[in-house]
Ligand code: HEM
Ligand SMILES: CC(C)=CCC/C(C)=C/CC/C(C)=C/COP(=O)(O)OP(=O)(O)O
């Protein structure tokens, strides 16, 4: 049997793992872990840390799996996604949906049984926000799809916060707001780079409906907004000087790439901006943690 035939007909655990969009979920979990640690001056109880993040990750993986099923006819048309397990036929849609249901039920049971109801319901809203509202409706309907859909992806640090404290605090919301402002430059940079593929799949992403220049201007505007929003944890005394310095340097780096895109002289700028966006978010949240333990807690007298 040829390798191609094996690829097409047999599903392995790797295919099921891929359905969960593991690298995206890992970054989300980094933000929810940090959301938990920022929520308290003390140490987060180990069961909340482990079970809370497990529950959130399983629900995010369930949402990602539904996205693979719903988008299979689109995914098969784009080079970036055409080897995905459901699009390629290695995993049948019903089996993938069963897998999503399994992950979602375990995730919700963990959150309801061991964390708290508010975290569980907010996680379910995020799951449905991405799997149903974004994937089934917004993605196909409007170039603002990812701006609105970004609310679901922005939730993890807030979910982490609520898992620890049991209520929604302004500081937790601020963390989600940062990811909300980050999502458009994160995604549109890639969409500019992959414009032709989205056009082929007839998805109304901003570079297709409004053109590349318009998209690049909006990337720059959102990057300014992101820089401003990222200063709020300092302005509200949630975090201190180390964070301020980190947020400014990382934000200026993002602005550099957004301007590079707009100048249009560097053909790799779109992909570089996309890659930078991931490093940016990872680094920003790590610096929050550093600041929390080195500056914010010691000066608050805890
Ligand atoms: C509606 C919101 C979002 C949209 C539309 C979006 C879009 C995308 C797309 C299309 C890719 C695929 C790039 C590729 O396959 O080359 C991607 C990759 C990625 N995204 Fe997002 N994203 C969103 C939100 C998020 C959030 C909230 C996070 C984490 C907090 C995140 C983290 C990542 C990471 C880590 C990757 C790289 C994955 C890899 O290397 O396989 N994204 N994003
Ligand atoms: C419970 C919880 C926290 C839920 C969050 C769910 C989640 C995994 C969101 C991911 C966001 C994302 C990768 C969007 C891209 O989808 P796309 O379909 O536009 O991109 P694609 O073409 O790569 O599939």
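Using N, Cα and C of the backbone, Cβ positions are placed for all residues, glycine too.
What TrEMBL records for this protein:
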| type | residues | note |
| --- | --- | --- |
| TRANSMEM | 24-44 | transmembrane segment |
| TRANSMEM | 50-70 | transmembrane segment |
| TRANSMEM | 96-115 | transmembrane segment |
| TRANSMEM | 121-138 | transmembrane segment |
| TRANSMEM | 145-164 | transmembrane segment |
| TRANSMEM | 170-192 | transmembrane segment |
| TRANSMEM | 213-235 | transmembrane segment |
| TRANSMEM | 241-258 | transmembrane segment |
| TRANSMEM | 278-296 | transmembrane segment |
Positions on the same chain near the transmembrane segment (278-296), where near means CB under 8 A and six or more residues out: 27, 30-31, 34, 37-38, 157, 175, 178-179, 182, 186, 230, 233, 238-243, 246-247, 250, 253-254
Chain residues outside the transmembrane segment (50-70) and at least six past its termini with a C-beta under 8 angstroms from it: 19-22, 24-25, 28-29, 32-33, 36, 84-87, 93, 96-97, 99-101, 103-104, 106-108, 110-111, 114-115, 119-120, 123-124, 126-128, 130-132, 135-136, 152, 156, 159-160, 163-164
Positions whose Cβ lies under 8 angstroms from the transmembrane segment (145-164), at least six residues beyond its ends: 28-29, 31-36, 38-40, 44, 48, 52-53, 56, 60, 63, 111, 115-116, 118-119, 122-123, 125-127, 129-130, 133-134, 138-139, 171-173, 175-180, 183-184, 187-188, 204-205, 285
Annotated stretches the transmembrane segment (170-192) and the transmembrane segment (24-44) touching (3 or more Cβ pairs under 8 Å): yes
Sequence-remote partners of the transmembrane segment (213-235) [C-beta within less than 8 Å, at least six residues beyond its ends]: 171, 174-175, 177-178, 181-182, 184-185, 188-189, 191-192, 206-207, 241, 243-244, 247-248, 250-252, 254-255, 258-259, 261-262, 264, 273, 284, 288
Intrachain residues whose Cβ lies under 8 Å of the transmembrane segment (96-115), provided they are six or more past its termini: 16, 19-20, 47-48, 51-52, 54-59, 61-63, 65-66, 68-69, 85-86, 123-124, 127, 131, 163
